[in-house]
Amino acid sequence: MEEMALFIGVSPPIFQFLICFVATIPLSFFHRYVPGGPMGKHIYAASTGAVLSYMSFGLMSNMHFLVLIIISYASMVFCRKQCGMITFFLAMGYLIGCHVYYMSGDLWKEGGIDATGSMMVITLKVISCAINYSDGLLKEENLRQSQKNNRLIKLPSFIEYVGYCLCCGSHFAGPVYEMKDYLDWTERKGIWIMSEKPSPSPYVPTVKALFQAGLCMGVYLSMKPRYPLSRITEPVYKNWGFVERLSYQYMCSFTTRWKYYFIWSVSECSMILSGLGFSGWTNSSPPIARWERAKNVDILGVEFAKSAAEIPLTWNIHVSTWLRHYVYDRLVQKGKRPGFFQLLATQTVSAIWHGVYPGYIIFFVQSALMISGSKTVYRWQQAVPSTNRGLKKMIMLLNFAYTVLVLNYSAVGFIVLSLNETINAYKSVYYIGTVVPVVFLLLGNIIRPKPVTSRGRKQQ
């Protein structure tokens, strides 16, 4: 095993994790044929998830998972009205405690691995389930559409709950899905109901996802030796000019993203093969199966985002959706529009969920500035009359360049993690990715163009 790990350039613990992670693909496929009805599928999901976790991280991983599961399930049993809030603070608090105890970021940088990454996914699952169970007490007419779709009227059984948390190995790296979808899938309800329309074939989209995973791993392994992050602290980096430093930071961020693209592509394969990744049919003729529930990243959407506001829609998609439904939307008071406070609070929750390293905190505060600055540029773009296509395209190009600059500058903090390394990396490029968003926000308060009205557009 050590020889194979060295061959692909990873440590033995990570190689062992990768074997278990890839094993989720055939195990998810066999989920389709588990006998015993829904109960058999719940037991299979729970047992295979627990075994893979044990083989990847050891016995303590399942003990940590069990703490999160028991905390949330007990709150739903004994305090339904407040179970969402109780689970949010207790589960998130326990996760933060494990982040502090294990300091996983340092371990990952040294080639090790632990269960905190999986705990992060399970934390989101148990919180959303508890909140949706609490929402089941509310009147439907007062709920947002996402609340109506996901609310739970009946308490799931404990085995259903464990199966939901560990199914398809999704607790390794996501994607996060809803309890209601999991139950509908196992019981063949909703979009999975048996009907005259044949079940969608998973094989072509699975092959595409597998090809994407292989491509991403190949790109990452080929680029990693050429752009080591350690070079940012070396004397040769300090001798470079501003453009060279900024370009190298871009390449470090770009290279690191392909590791995540690989991980999420493997998860996509597992979700598609199990059938849980199915999300309905298109309205085209003939209808085409959609697999958005399995998709956690849009690679081209990330790399060629026209606006920073598009990044949450294309990167770690289901965590972004979770943050919107369970943090952002719930901080908006009825009758009022969301503002920078809701955005900053959401990004802060995301930072704490990732870990307690300064690099995470700085990155997500930066991302709040980045998105707000990008929205300012977008408002300028929307205010330009449609007849002035040249200026519209110039502002669109400005927003694209702004997104590339600030995203890759900010991502360095997410990668290096420590306060000293983050500040030194930002300082080496004169804090350009912090200064530019602040300048745009200030200009947005000065330059407030009135958007072109519908009547004005008709006259044009």
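Count begins at 1; order follows the chain as displayed.
Heads up, the Cβ atoms here are built off N, Cα and C, so glycines get one too.
Remember, TrEMBL labels are computer predictions, not curated facts.
Here's what TrEMBL has on this protein:
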type     : residues : note
TRANSMEM : 7-31     : transmembrane segment
TRANSMEM : 51-71    : transmembrane segment
TRANSMEM : 83-103   : transmembrane segment
TRANSMEM : 115-138  : transmembrane segment
TRANSMEM : 260-281  : transmembrane segment
TRANSMEM : 351-373  : transmembrane segment
TRANSMEM : 394-417  : transmembrane segment
TRANSMEM : 429-447  : transmembrane segment
Exercise. Counting Cβ pairs under 8 Å that are 6 or more apart in sequence, does the total for the transmembrane segment (115-138) and the transmembrane segment (394-417) reach three or more?
Worked result: no
Exercise. Can you find at least 3 Cβ pairs under 8 Å between the transmembrane segment (429-447) and the transmembrane segment (351-373), where each pair is 6 or more residues apart in sequence?
Worked result: yes
Exercise. How about the transmembrane segment (351-373) and the transmembrane segment (51-71): do they have 3 or more C-beta pairs under 8 A, pairs 6 or more apart in sequence?
Worked result: no
For this session: Please figure out which one of 7-31, 83-103, 394-417 racks up the most CB pairs under 8 Å against the transmembrane segment (51-71).
Result: 7-31
Problem set entry | Stretch contact, the transmembrane segment (260-281) with the transmembrane segment (7-31), Cβ-Cβ under 8 Å, 3+ pairs | yes
